[in-house]
Amino acid sequence: MAAAFKTSGSFCSTQQHQWLQSTRDQILHGSSHSNVKQCKSKKIKKPFPLCVKATSSKVELDFNDPSWKQKFQEDWEKRFNLPSITDIYDLKPRPTTFSLKKNRTPTGDGNVDMWNGYVNNDDRALLKVIKYSSPTSAGAECIDPDCSWVEQWVHRAGPRKEIYYEPEEVKAAIVTCGGLCPGLNDVIRQIVFTLETYGVKNIVGIPFGYRGFFEKGLKEIPLSRHLVENINLNGGSFLGVSRGGAKTSEIVDSIQARRIDMLFVLGGNGTHAGANAIHEECRKRKLKVSVVAVPKTIDNDILLMDKTFGFDTAVEEAQRAINSAYIEARSAYHGIGLVKLMGRSSGFIAMHASLSSGQVDVCLIPEVPFTLDGEFGVLRHLEHLLKTKGFCVVCVAEAAGQDLLQRSGATDASGNVIFSDIGVHMQQKIKMHFKDIGVPADVKYIDPTYMVRACRANASDAILCTVLGQNAVHGAFAGFSGITSCICNTHYVYLPITEVVKAPKRVNPNSRMWHRCLTSTGQPDFH
Ligand SMILES: Nc1ncnc2c1ncn2[C@@H]1O[C@H](COP(=O)(O)OP(=O)(O)OP(=O)(O)O)[C@@H](O)[C@H]1O
Ligand SMILES: O=P(O)(O)OC[C@H]1O[C@](O)(CO)[C@@H](O)[C@@H]1O
Ligand SMILES: [Mg+2]
């Protein structure tokens, strides 16, 4: 019998409890042994690892069973196993053409490979490094009621000694999907550089996201080191982006017709879901194609990884808006600076920009409900701030407080919900409130919208993009497909896409980072 998961109750708020429950679900979700379908086919060598569906039911673990940890880890190993073209083909690898040393001189011990910094397929990185002694510890992610330490290893990224493609015969394609994000050009550039280092001559860009695969009149763009040399100096995407219109079978028809061997897909969670669908369809058709994703999104809302590229830059730009709001508010009589920031379903940009600026008195994110009116509402706190310090700054994430607004019901081309405007709503509510109570208030509203993402990557994102782009190419040459190249716990790793698209990552209200944000703003609970 599966043990029920209990958080040791009395110290746990409802919000914390829900969070603990959902993080546990994320850890355990989709990995029951009984759900590993053996997809047998005469032509294929092994069962498809991807037949473990991301949507399958939860792990049945009996925590009274002394071997539960071992069972968990065996299951984990299966879930995080990297899908490879060698799962379907009996392929012989060849020595890599990627060498860091151009003029190699043997040491005498015969081991020239050591100098090339190759990564072994058995190398792993630890995904989690904190041992929580209780489910009520800040940010605790627990598997069992005692919050036991369980090793969770993931595969290390980087160049392998042996590869599964002849570089001279490879056609590689790059596509950028979803919204814009700082660093797209840096990644495109590094993918091209690395492919050329392996000896690939046929590299193309697919214009305007997945649309470029099927929209007539959109031609692929031949890419070379020479062409992409300087593209990182500008924001945007050299290839263009788009939302919506992804039809997996048409995309794979197009991949087949164009004879693409490697596809590099840069995008957020929607793009990743699309990339995995393409990978699965390629497998179904027995195509020798490696599909490798690179996680891009200013929202930082993809599971398991430390951060997505573009996030740092967006935060830096966002805190400029906050600093302007601060200057305006500080210089006005009873000034209130209000800034609305992007973030589709998560408050990471708002939280980090509030932390980095240090000038925010109230930070509102979708993960933490709040009320505007009443004794414990935001408006009453703003009154207090005007009275005590004379001005204040509020930062609100675009997805926050949607329960206070009429839902628009609208969606974008990819099916993402379009939010009602919490920024404009708050601006009006604040103005009305202070008018009603007869207290002067000078509200300055700033909505930087696309300014936080339509810019070039900052230094830290540029480095992240460089590493992720290079590793994406190493992953494809190593034969992996249906994987994403990312950073986990400060180490560069590959994860199966199925594991990162289970749900959007959201701010944990029980995390140290949110607590730090609260310490910095000094805001009370607003409900
Ligand atoms: N579940 C899915 N399966 C297949 N394709 C998808 C899926 N979800 C989204 N896509 C496709 O992926 C592309 C990008 O999706 P989306 O617009 O949601 O952006 P995203 O990758 O999440 O990035 P951003 O962070 O900018 O929102 C679109 O062309 C969309 O049609
Ligand atoms: O480019 P669009 O379609 O206006 O999308 C805006 C959305 O894209 C993002 O910038 C990235 O997902 C979100 O923060 C924002 O909600
Ligand atoms: Mg998305």
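Each residue, glycine too, has its Cβ placed from N, Cα and C.
What TrEMBL lists as active site, proton acceptor is Asp299. Asp299 (active site, proton acceptor) falls within neither a helix nor a strand when secondary structure is assigned with DSSP, and so counts as coil. Counting Cβ atoms from all protein chains shown, Asp299 (active site, proton acceptor) has 29 others lying within 10 Å of its own Cβ.
Here TrEMBL flags Gly179, Arg243, Gly244, Gly268, Asn269, Gly270, Thr271 as ATP binding site. Taking Cβ-Cβ distances under 8 Å and a sequence gap of 6 or more within the same chain, the neighbours of Gly270 (ATP binding site) are Cys177, Gly178, Arg243, Ser414, Asn416.
Sequence annotations record features per position, and here TrEMBL assigns Mg(2+) binding site to Asn269. The DSSP secondary structure for Asn269 (ATP binding site) is helix. Under 8 Å, Cβ to Cβ, and six or more positions away along its own chain, Asn269 (ATP binding site) finds Thr297, Asp301, Ile302, Val500, Val501, Pro504.
Summarising the annotation, TrEMBL assigns domain 'Phosphofructokinase' to 172-474.
Per TrEMBL, site 'Important for substrate specificity' is recorded for Gly270.
Shown in sequence order, Arg211, Asp412, Ala413, Ser414, Gly415 are the residues of the chain, 6+ apart in sequence, with a C-beta less than 8 angstroms from the C-beta of Gly244 (ATP binding site). By the rule that a residue counts when its Cβ sits under 6 Å from some atom of ligand 3, the recorded positions Gly244, Gly268, Asn269, Gly270, Thr271, Asp299 yield Gly268, Asn269, Gly270. The two recorded residues Asp299 (active site, proton acceptor) and Thr271 (ATP binding site) have their Cα atoms spaced 14 Å from each other. Excluding Gly179, Arg243, Gly244, Gly268, Asn269, Gly270, Thr271 themselves, the residues of that chain whose CB lies within 8 A of the CB mean position for the ATP site are, in sequence, Cys177, Gly178, Gly267, Gly274, Ser414, Asn416. Of all Cα pairs drawn from Gly179, Arg243, Gly244, Gly268, Asn269, Gly270, Thr271, which the record names as binding ATP, the longest spans 13 Å.
Of all the binding-site residues listed here (Gly179, Gly268), the one with the fewest other CB atoms within 10 A of its own CB is Gly179.
Taking a Cβ distance under 6 Å to any atom of ligand 2 as the criterion, the recorded positions Gly179, Gly244, Thr271, Asp299 reduce to Gly179, Asp299. Just so you know, of the binding-site residues Arg243, Thr271, the Cβ with the fewest other Cβ atoms around it within 10 Å is the one at Arg243.
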